[in-house]
Structure formats: structure tokens, C-alpha cells
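The structure appears below as C-alpha cells.
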Amino acid sequence: MGTETPTTEKPIYDSVDFSPAEVDKRTAREKAIDDWLPITSSRNAKWWYAAFHNVTAMVGAGVLSLPSAMASLGWGPGVVILVLSWIITLYTLWQMVEMHEMVPGKRFDRYHELGQHAFGEKLGLWIVVPQQLVCEVGVDIVYMVTGGKSLQKIHDLVCHKNCKNIKTTYFIMIFASVHFVLSHLPNFNSISGISLAAAIMSLSYSTIAWGASVDKRIHEHGHRNVEYGYKATSSAGTVFNFLNALGDVAFAYAGHNVVLEIQATIPSTPEKPSKGPMWKGVLVAYVVVALCYFPVALVGYWVFGNTVDDNILITLNKPTWLIVTANMFVVIHVIGSYQLYAMPVFDMIETVMVKKLRFNPSWVLRFVVRNVYVAFTMFVGITFPFFGSLLGFFGGFAFAPTTYFLPCIIWLAIYKPRKFSLSWITNWICIILGFLLMVLSPIGGLRSIILDAKTYGFYT
């Protein structure tokens, strides 16, 4: 099932032999297909590409829901869960970076390829691909809603009472129109400029969110009483909100689903394997993640208590110009994030179309596939725009496995660390915590979706 390695778990990069005979046994057609597919067509990225790609993938709309998650978790559990999630996900991300080139002369360019190496060709595919697709398609749907609602917020703030009320549906369609154009960029490196802009925007609107919150608290001079107790009126409501908040936190740490695909764009040689620049990029990204997540979550909850909305920018209405700017930053960021999560999906679909169904790799195929995908995510986003609840449900159901414990299971299957060693214990702790998160948080998210659906009218 896995490759035998010493119990010391020393990576085997030093023994990699990239001799042409061993590395490239592909046919001319396979080479042409790999050169055409989004993930493998370009391998000249730098470490800073990895940094801002990871920031864009990680720091998304989820950061704006963290103060609301804190309100449902409370000070003690909230801080512990935030810090634990940061540590665990950094550890599992390190594992994935290390496993990218664990086999001599081979690179696992996609998450499912790593799963197939660990669990077998068929089982690995069935374990990884459904979860990865739910994550990536789920993120894109949620970002459709986020982009549309942020545009609507900008419209409402700028117009005040002078403009006609426009349905959320139309704003989601306006947001989607951008992706009908950008989705035709061929690969990760071609969206690097968009990703860099998105990463800068994420840091910017996060800073605005907590900075405006502090300013609001200072100007009120403590005149407003802030309640930090749980906002639900019943014990059942408190428990369900707590579970939903776990999903919000899981959604906030979602970058693992694209990390191998990002690393695949970095060049690699026996002397300079891709794990070096990739890990440097990941560390920079995680520092930025901490600078975004912790101030927004803690300051937002400190200022507003349990009255904070599931998107803190909705709670902050003034100063108008600043909140309009922050929402515009959110729109730019989720444009980049949407593309980042869509690229592996495009790769999967185009791989099946070309390798399994034997379509010729062409711009026509790419044009049809990508337009259909954007239209699908737009339609689902328009139909079910339950922003906060979607975060909780998708966060627990899909992101917990691929982010918190699947890398640990793969690590145990391949490296086989000695029982009760530090590595063995650490991995099992991550697996147990991740499994509990996967089981519990969708319950709260599903309840919130049901409650929202009672008062929601389709296509309003």
C-alpha cells in the first residue's frame, strides 16, 4: 500500500534520481495532454507565488464570519479552537508539502494522486476526489454568494434611499459575469497576478474589519453595554450554534485542497526539490493568516459581543466610505479565490474529457467546460444564498477531512511511524479531533440552513 521507509521518517528526497529514462516514460500524446492541462502545463513558479496563492486560498470570506463564530463558541473555547486549528492545519500542510515528492522521480501533482499512492488506484480516487470536489465546488458556490452580497452591500451603502432595491440574484449574476471571462485563463501561473491582488485585498479588508471595530469602541467610550453570553435563548440553540461555529472555523482553514496543485507549479531538481520554496511560501502565508484571523475574530467579538452578524462588515455600517472600500476589497479577493479553487476542478474535468472520453484538447472544449461550471456555481449560489449556514455545513462536512486528518492518515499509511512515537501520537490526535469536527459541525450548519429556509423566498 505504501512505500517502506525508515521509522525515523527521514524524507527520501536525497535519493531521488531524475534520470530521463526513469522520469519520462510518457507517450507523445500524454506529454501533449500534460502540457495542456492546467496543473502540469507550467512549472516555473517562485516561492512567493506559493505564498500569495496560499494566502488567497486560505484567507477568504471565512475570516469575516469568525467574530460570529466566537459569539457562538465563547471566549475560552473560541480562542482554544482558533489556535488549535492554526497549529493543526499548519502541521498537516507541512505533511502534504513533504509528501509531494516522496517517491523517487515522481511528483504527486494532485491531491488524489497522493491518495491513490497511499490507498490504491481505485480506493484512493474514491476517498479523495468526492471530498475535494465538495470542498472546491462548495467554496466557489459560497464565494458566488459572498461576491454578490458584497456588491449589494456596496450598492445599498452608496445609494442610501435614492436607488431602487435590486435583488441579490442580480448581484450574484454580475459577480459571475467576471468569471465567464477569467475562467479561460489556462493555468495557475496565468492567474498569479489576480491571486496577488486577492492576497493583498484579504489583508486589507481584514485590517479594515478589526481597525474599524476598534475605532467604534473608542468613540463609544464604553457607553454601549456589550453582552458576551451565548445569544441563543435555549440550550438546544446554544449547542447547535456552537456546532455551526466549529464549521465556520474549519471553513476558514481550507487551503489544503489546492496545496499540491500549487506546489506542482514550482520547478524541482534533485539538488533543489520543490519542498524548499513551497514551505517558505507556506510559512509566509501562515503568518499573514494569523495577522488576518486572530485580530478580526478577537477584536470583532470584543467590540460587538453576541450581536455581531455572520459577516462583520454588515455589522459595521460607518464610516460609509471605509465599509464600501472593505466590501470592494472582498469582491476583488473572492474573484481571485474563486479562480484558485476552480482551477483544480477544471483540471479534473478536462482530464476526464481528454484522457477517458478521448476528446481532443482544444480551446473549444475548455470554453464549454469552464462556462458550464461557472454557470452551475452561479445557479446554485442564486438558489441557496444562505451565507453563514453554508459556511458551517461545508466547513464541517468537507473541509475537516481534507484539512485536519486525511493528510495524517496518508502519512501513517505511507511512512508507518513506530506505535506510540511522537509522530504516531500527534497524527492520531489530529485524526480524532478532525473526525469529531467532521461529525459534529454539519449538524449545526444543517439546522441553520433549515431555519433560514423557513423565511427565505427563492430568487429574491
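Including glycine, each Cβ sits where the backbone N, Cα and C put it.
These come from TrEMBL:
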type	residues	note
DOMAIN	44-444	domain 'Amino acid transporter transmembrane'
TRANSMEM	47-67	transmembrane segment
TRANSMEM	73-94	transmembrane segment
TRANSMEM	170-188	transmembrane segment
TRANSMEM	194-214	transmembrane segment
TRANSMEM	282-304	transmembrane segment
TRANSMEM	324-346	transmembrane segment
TRANSMEM	367-387	transmembrane segment
TRANSMEM	393-415	transmembrane segment
TRANSMEM	427-450	transmembrane segment
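Between the transmembrane segment (367-387) and the transmembrane segment (282-304) there are fewer than 3 Cβ pairs closer than 8 Å, counting only pairs 6 or more residues apart in sequence, which means the two stretches are not in contact. Outside the transmembrane segment (194-214), and at least 6 residues removed from its termini, the chain residues within Cβ reach (under 8 Å) are 49, 51-53, 55-56, 59-60, 63-64, 182, 185, 288, 291-293, 295-296, 299-300, 302-304, 312-313, 316, 319, 322-323, 325-327, 329-330, 332-337, 339-340. Counting Cβ pairs under 8 Å to the transmembrane segment (47-67), the top-ranked stretch among 73-94, 282-304, 324-346, 393-415, 427-450 is 282-304.
Two recorded stretches are said to be in contact when at least 3 C-beta pairs lie under 8 angstroms, sequence spacing 6 or more; the transmembrane segment (427-450) and the transmembrane segment (324-346) fall short of this definition.
Taking every listed stretch (73-94, 324-346, 393-415) in turn, the largest tally of C-beta pairs under 8 A with the transmembrane segment (170-188) is reached by 324-346.
Counted as Cβ pairs under 8 Å, contacts with the transmembrane segment (282-304) are highest for 73-94 among 73-94, 324-346, 393-415. Residues 1-3, 5, 9, 62, 88-89, 92-93, 95-96, 99, 102, 111, 114-115, 117-119, 127-128, 131-132, 134-135, 138-139, 142, 243, 246-257, 423-424, 427-428, 430-431, 433-435, 437-446, 448-449 of the same chain sit 6 or more residues outside the transmembrane segment (393-415) yet have a Cβ under 8 Å from a Cβ within it.
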